[in-house]
Amino acid sequence: MTRIKTLVSGAALAALASPAFADAIAGGAQKQATNWSAIIMFGIFVVLTLGITYWAAKRTRSAAQFYTAGGGITGFQNGLAIAGDYMSAASFLGISGLVYLSGFDGLIYSVGWLVGWPIVTFLIAEPLRNLGKFTFADVASFRFKQAPIRVMAACGTLVTVAFYLIAQMVGAGSLIKLLFGLDYAYAVVIVGVLMIVYVTFGGMVATTWVQIIKACLLLAGATFMAIMVLATFGFSPEALFAKAVEVHPKHLAIMQPGTLINSPLSAISLGLALMFGTAGLPHILMRFFTVADAKAARKSVFYATGFIGYFYILTFIIGFGAIVLVSTNPEFLNADLIAKGKSGIEAIKGGNNMAAIDLAGAVGGNIFLGFISAVAFATILAVVSGLTLAGASAISHDLYATVIKRGQANEQDEIRVSKIATIVLGVIAVVLGIVFEKQNVAFMVGLAFSIAASCNFPVLLMSMMWRGMTTRGAVYGGFLGLMSALVGVIFSPAVWEATLGNPKGSALFQISNPALFSMSIAFLGIYIVSKLDRSKRAQRDREGFDAQYVRSQTGIGASGASAH
Amino acid sequence: MAASAIDIERNPKFQQLVAARKSLGWTLSIVMLAIYFGFILLVAFNKDLGNFLGWPLYSGAVATVGIVIGLFVIVSAFVLTGIYVVKANKRYDELTRQIVEESR
């Protein structure tokens, strides 16, 4: 019985990791009629962002400008950019789709995705800004032997980025097929080419502004939809809920927890992955180096938390609005399925992830539907750009400049390497995006969060807080966390049974997210190996703590904003 | 001659700053963790609690206790972050400035 329960929540978790993609892929996205208003509006977005890239390219000469926009982004702008990185197509279409399908359960996920932010503010944001320069490995390796920690951090970064990127590319192809009526392969190539152009020419300046523009468009569009929905009910949420309960086949059950979470162990493990994965995602951590100082870093997470929380409340209203306005409107439903006796909720064309898009059509007509589709595409583009930049920085700054060139790399060479790395990563992402077209890659976002929570986060936190950590402890703990997260996900029901097609119940671990165990293994590994470490290097590592501590707390000696 | 790290660590203002920030940061973190995992456990054990989250908010209402609690968690994340930022802006920045000044 418990096993069945865990299985159910396992499948739900895979979906949760990236609900939009799960359905877009599993539902075998059908190609829609070409949507010209959406394509034209997306074209306008592309022209605008290419203009910004041209402008940014002229000011992206130094490594500091390429990696971190020279530290010249304000706290408010960075808050928008962080929120933009987080408000992916998966959270916009996926969460509103989940609310559409099962009501309250959608709220459980939005909450999980939000609560990591306060922790980032309280414990990480300021020391991170004070210690770091370009990548989070700068912080993690601050007082340690450079090469081993950089290699470990680069592995953590690249594995996280790779899984996240594949999921985004496959999701992009499927969604665009649905939204624009473009071929899957075209869609993936367009995303890949634009992303390479933004990052190689415009670096972090362009990547940040693309993200800010997209965040504003998305927040504005979602606000408009929520207001239109509430206006239909005289701005009474109670009236909206009452109507939704009346028309939804599950009736009152949509107002309370359903089947998604019912095993406490799975629930806690997932909660940990969402919460601390946020604090270990390399493309998010990198954003803290784009502001001038610790004060701006602190403010930017405050703004980001506000924007993200507000956005999740909007998606909740949008999901309920879609229950009332989309599932009752034959225009958005598949007539064949209705004829077979399916409910309006189940019969929505293109699957439940289309709920927000269709609602846009219902409240704002075809032009607004085109606008929201274009914003969804822009969202994917902005998120993959940030990911690619983070991956390329790990290659050029951590591996090339620090490990291979032992810190003696010429700045222009380092920038050249990161541009080449961007192109290579872009090409790999496109190829993998096409290879994985028919695969269910939903588990990959969950995997990325688990690895970020089990490898990047423990090493980062312990290096900043614990005097006793040594190089050896960090490397062993980090790799143990990485490996146990990988193994835990591969042998979980969602991957071993649902994706690889092994019989039900054969998965080694009947828990959908390994974070509870892999995080513990990482922290214990760091602690035990560091305690046992009696090497000369270990002594130096511990002695280096005072200087690091003073800088992390006061910012004395921190790299400031470069000239503008 | 700039002060060494050890000198700065001995500065009472530094100790004051670190102690204050640590206690506020960890207190707020624990509050956030308690709120969030409290919510998750309420969801996980909802059936054993007589479907507490599904209770109507007031008699005759469709809105439930669960929806209000969920929204409360979202708002609390924002408010807690705000408390930290306001306190840090008011106190820590000034202390930090003084420490940096004295270390020159």
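The backbone N, Cα and C atoms fix where each Cβ goes, and this holds for glycine too.
Just so you know, TrEMBL annotations never went through curation; they're auto-generated.
The signal peptide annotation in TrEMBL covers A:1-22.
The transmembrane segment feature in TrEMBL is assigned to A:38-57 (among others). Long-range contacts of the transmembrane segment (A:38-57) within the same chain, counting only residues at least 6 positions beyond its ends with a Cβ under 8 Å from a Cβ of the stretch, are 179-180, 182, 194, 197-198, 201-203, 205-206, 209-210, 213-214, 217, 369-371, 373-374, 377-378.
Counting only same-chain residues 6+ beyond the ends of the transmembrane segment (A:78-101), those with a CB under 8 A from a CB of the stretch are 15-16, 18-23, 107, 109-110, 113, 168, 171-172, 175, 208, 211-212, 214-216, 218-219, 222, 278, 283-284, 287-288, 290-291, 296-297, 299-304, 306-308, 311-312, 315-316, 318-320, 322-323, 326-327, 345, 348, 351-357, 359, 376, 379-380, 382-383, 386, 445. Sequence annotations record features per position, and here TrEMBL assigns transmembrane segment to A:78-101 (among others).
Here TrEMBL flags A:107-125 (among others) as transmembrane segment.
Summarising the annotation, TrEMBL assigns transmembrane segment to A:151-172 (among others).
Sequence annotations record features per position, and here TrEMBL assigns transmembrane segment to A:184-210 (among others).
Marked as transmembrane segment by TrEMBL: A:217-235 (among others). Within the same chain, residues 45, 84, 87, 92, 243, 307, 310-311, 314-315, 317-318, 320-321, 324-325, 356, 359-360, 363-364, 368, 371-372, 375, 378-379 sit at least 6 positions outside the transmembrane segment (A:217-235) and bring their C-beta atoms closer than 8 Å to a C-beta of that stretch.
Annotation source TrEMBL lists transmembrane segment at A:265-289 (among others).
Long-range contacts of the transmembrane segment (A:301-326) within the same chain: residues 75-76, 78-80, 82-83, 86-87, 91-92, 95-100, 103, 106-107, 110-111, 113-114, 117-118, 120-121, 125, 215, 218-219, 222-223, 225-226, 228-230, 232, 237, 240-241, 243-244, 247-248, 254, 332, 344-345, 348, 355-356, 358-359, 362-363, each at least 6 residues beyond the stretch ends and with a Cβ under 8 Å from a Cβ of the stretch. The transmembrane segment feature in TrEMBL is assigned to A:301-326 (among others).
Taken from TrEMBL, the feature transmembrane segment applies to A:367-396 (among others).
Tertiary neighbourhood of the transmembrane segment (A:417-436): same-chain residues 66-67, 161, 165-166, 169-170, 172-173, 184-185, 188-189, 191-193, 195-196, 199-200, 384, 388-389, 391-393, 395-397, 400-401, 409, selected by CB-CB distance under 8 Å and a gap of 6+ residues from either end. According to TrEMBL, the feature transmembrane segment maps to A:417-436 (among others).
Residues annotated as transmembrane segment in TrEMBL: A:442-462 (among others).
The feature transmembrane segment is assigned by TrEMBL to A:508-530 (among others). Long-range contacts of the transmembrane segment (A:508-530) within the same chain, counting only residues at least 6 positions beyond its ends with a Cβ under 8 Å from a Cβ of the stretch, are 3, 6-7, 9-10, 12-14, 263, 265-266, 268-270, 272-273, 276-277, 446, 449-450, 453-455, 457-459, 462, 466, 468-470, 472-474, 476-478, 480-481, 484-485, 487-489, 491-494, 496, 538.
Between the transmembrane segment (A:367-396) and the transmembrane segment (A:107-125), the number of CB pairs under 8 angstroms, six or more residues apart, is fewer than three, so the stretches are not in contact. The highest tally of CB pairs under 8 A with the transmembrane segment (A:442-462), across A:107-125, A:151-172, A:184-210, A:265-289, is held by A:265-289.
Residues 6, 9-10, 13, 16, 67-68, 71, 78, 81-82, 85-86, 112-113, 115-117, 119-120, 123-125, 128-129, 132-136, 156-157, 160-161, 164, 204, 208, 297, 300, 386-387, 389-391, 393-394, 446, 448-453, 455-457, 460-461, 511-517, 519 of the same chain lie 6+ residues outside the transmembrane segment (A:265-289) yet bring a C-beta within less than 8 angstroms of a C-beta in it. Long-range contacts of the transmembrane segment (A:107-125) within its own chain (CB-CB distance under 8 A, at least 6 residues past either end) are made by residues 16, 19, 86, 91, 95, 98-99, 257, 260-261, 270-271, 274-279, 288, 294, 297-298, 300-302, 304-305, 308-309, 312, 315-316, 460-461, 464-465.
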